[in-house]
Each structure stands twice: as structure tokens, then as C-alpha cells.
Amino acid sequence: MAEASFGSSSPVGSLSSEDHDFDPTAEMLVHDYDDERTLEEEEMMDEGKNFSSEIEDLEKEGTMPLEDLLAFYGYEPTIPAVANSSANSSPSELADELPDMTLDKEEIAKDLLSGDDEETQSSADDLTPSVTSHETSDFFPRPLRSNTTCDGDKESEVEDVETDSGNSPEDLRKEIMIGLQYQAEIPPYLGEYAGNEKVYENEDQLLWCPDVVLESKVKEYLVETSLRTGNEKIMDRISAGTHTRDNEQALYELLKCNHNIKEAIERYCCNGKASQEGMTAWTEEECRSFEHALMLFGKDFHLIQKNKVRTRTVAECVAFYYMWKKSERYDYFAQQTRFGKKRYNHHPGVTDYMDRLVDETEALGGTVNASALTSNRPEPIPDQQLNILNSFTASDLTALTNSVATVCDPTDVNCLDDSFPPLGSTPRGQVNHVPVVTEELLTLPSNGESDCFNLFETGFYHSELNPMNMCSEESERPAKRLKMGIAVPESFMNEVSVNNLGVDFENHTHHITSAKMAVSVADFGSLSASETNGFISAHALHQHAALHSE
């Protein structure tokens, strides 16, 4: 029969009632490809079978009516109307009239992969195509769920959840409740206190009752009072056509006059002028106390009045604050104290720490930079001293350096030691040493291209130089220092200028190029040229050149 052949050749046929369940392996389903060896084995198994009987059975089934075909495979017609009209209709019309019995692919995948959930991850689309009921009757004798049934089940599940929670769909709808029917009913005040309630003993004072006079007349009254008192701000609003601002004092006068507008205007004008004349200007001491209190207490005007400005009321402090913010005094105060960005100091709940960090950094940076500029600013050099410096000649400095240079032994690593012995017996005269302003590093190039000192910046150089790297083939030699101290008489300074300077050091001639030397000279005494040797002297240590001066 066709059932046996399908059961042996197709995995789908394994779900028939006569065959056992077929569970595909992970190798067959995960990578979604057919194993060629399995196909060859199936072909070899089917070589001895005769398929002519199967073809004949299929041809017979193709010409059979649908109801006979369903009965042949064990199905009973579930729809009588379809069975009655099957004789007068074609199979294609019957297929159109049948309900949508599209297979639930997820359900089939669960049935096929029930034992290998962790090993196989193939989808239902790779396993079965979408077929209708009359095509699947040959393979699946049990009834299958359709998509419509599944959708209906999902909707019913949602309804069950809503009913279980106790909220119907109508209750979940949001409705804006507007209207008189939604307003609360407030019972009338009886004026009696319960036994456990404390009687209110304070006497209240009514300041204004809006239900007695019409609103239009109240606006006219406010406009008239502003015109009579000459309030420029309110007059500007009236001319611009904006709404009139309430004046509590004028409304209170209208209430005291039993809503008589003319009498209220006259009384308000008299009291208003008296109150304006009674306001006195703040003194300088009060202004400073107010500003200092703002830095301490922030905008807590009660503490400001209590601790710093006791001569004024809290209302006067508040009024002065708004006038003070519009003055130039506030601009100067905010510039000096950054009052506008110090809100976090008065309100610890604010967590804008980045703004606080930026503000404090800017404040510290401004203070440090100002002090650094003040301390590092050199004193101006007088014109007389500049003329002395410009009178240097190259020959004078060359003679100076050649007179004090000696040969250093290259094999002695410690020939330039930092610990120079003091000059004890060297004759000295009265000299004025060159004052030091800043200290710069003299560095030799490490690539060995040129034997020269490079002075990267123009400035005043200390007499005791920092460690400098020497141009030499021995790159691993430790850094050495050259200590120099120069005391120059006036006669020598008048003739020497700097154009080119050469120094012999360790049998290498080093030229100081692209350098500008400036010496800050405080005072030169009247010295003769013969006294030069008393100020410029050479001291040899381990056969090396050293210039040292106290």
C-alpha cells in the first residue's frame, strides 16, 4: 500500500498510525542539509521494490471523490453540507469551501523535536511546508490545529487573564471625568468643633472680598489709583494694553471704605504718598552687611534680617534684594564672588557636582595664575644697563672662555663632579654678582649630528646650570654639570657683546648658536681692568674646566 511506501521513504510518513515515530538526529536538522550517504543508502534499499503498484494506487486515489478518499484513510466527513454537495462540485471548489487548515508549524516542530530540544535548533519552516487539509490527510490521521483556532485560543487566554485579575475591558478604559456630576459635594460649615479638636483662637482679618463689586469696576479702580500715585511701571503696563496687576493695599482700602470707590481712592492716595515718603535709603554699612549675609545665608531673608541687617524688616530686605539685583553694585558683587553660581553652597540637595568643580577650578586657576605672573614678572632693566649689555664684543667673550678652559680626561667619568671645593685663597675684590631671575636647561643634541649647545628659549640663566647631556660617542656616560659664576667689572662690560661663543670641552669645540643672552645687572662699581683676574679665575679639578664663584 501507499502507506507503507510513504512510511519507509519519507520522514513525514513516520507519523502514520502503522509506523513508529521517527526522531531525526541533530546532524540532519541543525545544518539544514541532506546527508548524501543517507540518500544513497535509501536508494540501495529501494532498488528491489516495484513502484508500479504505488503509481497505480495514486492514480486511483486521484480520481476518487473526496469523501471516499477521507473514508478510505479513516476520516469521517465533519461538515455534512460539504458531503452532501460533493457530488455536484469539483474537488477544487471543495478545497475552497473547506476551512483554513494550515498546519501550526511550531506545534509540528515541538512534536518532532521533543526529545532533542537542547541539541537541535531548527525552525518549523525548514521541516514542513504550508499545506491544506486535503493534502495532509494522507500523512496525518489525527486532527491538527489551524491558525484561526490558535488565534482564538490566544484571545481567550487574554480574556481569562483579565477576568482573573478582576478588571473587565470596560473597567480598564480611561475616561476623563469632567462635569458637574463628578464634582465633590462639600457640606456646609456648621461652625462647631468636635470634642477632640482645638478651638482656633487667633483673630483673622479680612483683606478683600471679590464678590461684592464687579470685576470691571475693580479694574477701573486699580487703574485710577495707579494714575493718581504716579506708579510708572503700572502706567507703562496700562499704555501697553496688558492686564492690570492687583494692588493689595488698594484693594484693602476699598474693603475698609465699604466698597466706596471715590473714598477708597482718596484714602489710598494719602496713605500711598506717606508710605513712599517713609521709605529711607539704605546706608553703605547696611548694603555691605546685606551682601555679606547673602554670602553666608543665601536667600534666607529671615536669617539675613536676624543676624546682619537688624535695622530693616524682612519685607524691606526682600524689596531691596530685587532693586539691588538691577544695580551695578550687584554686577560687581557677582563678579567678585560668583554669587550667581554658588546656589549649591546654600542648597546641599543639589547634585550638580560638575558645575561646582568647574567653578572651583576656575577660581583656583585665576588665583594661581595671578600669583605666578606677579612672582615671575622680571623687573624692568634700565636703559643704562641695556647699553652696557649691548657693548659686548665677540673677541672679549672668546678671550674670556679660552683663558679659563682646560683639558678634561675623557676616561675619568667623575671628572665633572657636583662637589666643587670652595676657592679659599683666590684673591677677590669688591664685586656685584649678576642677579638670577630664572633657570633654563642647556641640552646637547642626542643624535650626534652637530657638536653644539642649543638654547631653546630666551631668558635669564642661573649661574649653576642644570644637568646637560654632552655630545660624545659614549652615549651611556652619566650627565655632568658645569658650574659657572661670572663677576664682571664695568670696564669689561662696556666693551663686550655677544655674537658667537665657542667653548672647548673634552677636546670638542662646542658652539652656542641661536642664543640670546640677557644679564640683569643691578649695579657695577668703579673697577679697573687690572682687577679682572680677581673676579674671573679658573679652578682645575681632575684636569677639567670648571668655573666656580661664590
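Placement of Cβ uses the backbone N, Cα and C atoms for every residue, glycine included.
The model shown is predicted, which means the values in this text are computed figures rather than measured ones.
Copied over from Swiss-Prot, here are the features:
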type	residues	note
COMPBIAS	1-16	compositional bias 'Low complexity'
REGION	1-60	region 'Disordered'
COMPBIAS	17-36	compositional bias 'Basic and acidic residues'
MOD_RES	Ser52	phosphoserine
MOD_RES	Ser53	phosphoserine
REGION	113-170	region 'Disordered'
MOD_RES	Ser114	phosphoserine
COMPBIAS	121-134	compositional bias 'Polar residues'
COMPBIAS	154-163	compositional bias 'Acidic residues'
MOD_RES	Ser156	phosphoserine
MOD_RES	Thr163	phosphothreonine
MOD_RES	Ser165	phosphoserine
MOD_RES	Ser168	phosphoserine
DOMAIN	174-272	domain 'ELM2'
DOMAIN	277-329	domain 'SANT'
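Here the domain 'ELM2' (174-272) is broken down by DSSP into helix, strand and coil counts: 48 helix, 0 strand, 51 coil. Same-chain residues at least 6 positions away in sequence with a Cβ under 8 Å from that of Ser52 (phosphoserine) are not found in this chain. Across the domain 'SANT' (277-329), DSSP assigns 37 helix, 0 strand, 16 coil. Per-residue confidence over the domain 'SANT' (277-329) averages 87 (mean pLDDT, predicted model). In this view, Ser53 (phosphoserine) is surrounded by 12 other Cβ atoms within 10 Å of its Cβ, with every protein chain counted. Ser52 (phosphoserine) falls within a helical segment according to DSSP.
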